[in-house]
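A.B. asks: One structure, pasted below without further comment.
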Amino acid sequence: MTERACKTLMNLLKGNIGPGILALPIAFKYAGLWAGAVGLFLLGYISLHCQHMLMTCSDILKERPISMGQRVGYAGVVENCLATGPICLRKFQRVGRFVINVFLIVTQLGFCCVYIVFVAQNFRQVILSSNEANPHLDLLIMGIELIVVVIYCTTIQSLHGLSYFSLIANFLNFAGLIFVLFYVVQDSPPQSERPAFVGWFDLPMYFGTAVYAFEGIGLVMPLKNKAADEWDFSRRCGLLSLGMTIVIALYIAIGFLGFLKYGDHVLGSITLNLPPVDMLSRLTKVAFVVSVFVTYGLQFYVPVNILWPKIEHRLSTAKAKAVGNVVFRIGLILLTGAIAMVIPHLDLLIALIGALASSSLALIFPPIIELLTLSADDQRPSIVIILKDLAIMLLGLLGCITGTYAAIQGIINVSKSVT
């Protein structure tokens, strides 16, 4: 594997291994031990299939005259498939691009909000050596954190530069996951003490948390376009499939073993369940805090890459563009900080972002893109493809609607209990 391929794989792994994987034990709490494992396996490979659909459609559209062989992102794929799809939908090509960009921005900035809450809550435990909540200290940590994030995200502005930090973050992540596994496999109760299936009522919260964990959907097209060998990245047994197989295996292991260990007492991040005074536990939290903090820049890259060009062309001088870029980045960072302070509940914030935005990008839009791409003037999708895509869309829509409602209801209930 070449150095460039290794960097691409590192960015892919880092984009998918974050706070989401540490929240999976609480997802299993909503579904049950075995229902959670089976559901996560199915969601993982459906998500991977949708990512392959997106890349295949991108390659098909690239050969059409409207694309002129250009490499495009997620929104560009949607715009091109509408422009060359059914005649009645061609006038909506710019609307399609706008909608995808909105969901990408909401998803990636949502991830950044979760990162801020995650860092604050875990760092607070490291400082206090206690599992007790302390909202005032959390807010203070968030404030200091935002200052450092501003410096970090305004200094490093390219994927190439971020790849070196991804390498560091991946090392810390895997070290942290090994430490977490060390804790959860010790003195775990027998599987019979945990329900195999909890019931249908809490499945929407499971769906939102599980889909959130697949954080890298917005990075698939940028990584494909920047890969040294696009075919090696997107083929069925290529870098994407290798990376996602590793991710899915880790997801199931952490979710299953974490819920088996802590049961109904599991918290929004399994790191918060680790012994607060144990030195190894504190080192584990520090490793994840640094890793997640570094990854903020990788997730932040996507919304900046979408929004900044629309502002940049309005500025005339190089100095104005340089100053404007810094001010713009600071504004977005402060926005994520404000949202994190308003909703400082890690499990509910993860479920909301996952159900509302991640499910749309990962499960709803890719089947629509495939159907439109294969519905050009001289083409029609087969009945098998139509039924398959409709089934995936229905799953995504059902999870999106019910999961968003359940998460919002949970946030409202928590807010009422606080006041």
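Quick reminder: no glycine exception, Cβ is built from N, Cα and C everywhere.
These came from TrEMBL, pasted as-is:
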type	residues	note
DOMAIN	5-409	domain 'Amino acid transporter transmembrane'
TRANSMEM	20-46	transmembrane segment
TRANSMEM	98-119	transmembrane segment
TRANSMEM	139-157	transmembrane segment
TRANSMEM	164-185	transmembrane segment
TRANSMEM	205-225	transmembrane segment
TRANSMEM	237-260	transmembrane segment
TRANSMEM	280-302	transmembrane segment
TRANSMEM	322-343	transmembrane segment
TRANSMEM	349-369	transmembrane segment
TRANSMEM	390-412	transmembrane segment
A.B. asks: When you check the transmembrane segment (164-185) against the transmembrane segment (390-412), do you get at least 3 Cβ pairs under 8 Å, counting only pairs 6 or more apart in sequence?
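C.D. replies: Between the transmembrane segment (390-412) and the transmembrane segment (164-185), which are separate recorded stretches, there is no contact, as judged by 3 or more close Cβ pairs.
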A.B. asks: Test the contact criterion for the transmembrane segment (280-302) and the transmembrane segment (390-412): 3 or more CB pairs under 8 Å, pairs 6 or more apart in sequence, then answer yes or no.
C.D. replies: no
A.B. asks: Relative to the transmembrane segment (390-412), which of 205-225, 237-260, 349-369 accounts for the most Cβ pairs at distances under 8 Å?
C.D. replies: 349-369
A.B. asks: Of the stretches 98-119, 237-260, 322-343, 349-369, which racks up the most C-beta pairs under 8 Å with the transmembrane segment (205-225)?
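C.D. replies: Of the candidates 98-119, 237-260, 322-343, 349-369, 349-369 scores highest.
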A.B. asks: Can you say which of 20-46, 98-119, 322-343 has the most Cβ pairs under 8 Å with the transmembrane segment (237-260)?
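C.D. replies: Out of the listed stretches, 20-46 contacts the transmembrane segment (237-260) most.
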A.B. asks: Under 8 angstroms, Cβ to Cβ: which one of 98-119, 322-343, 349-369 has the largest number of such pairs with the transmembrane segment (20-46)?
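C.D. replies: Highest pair count goes to 349-369.
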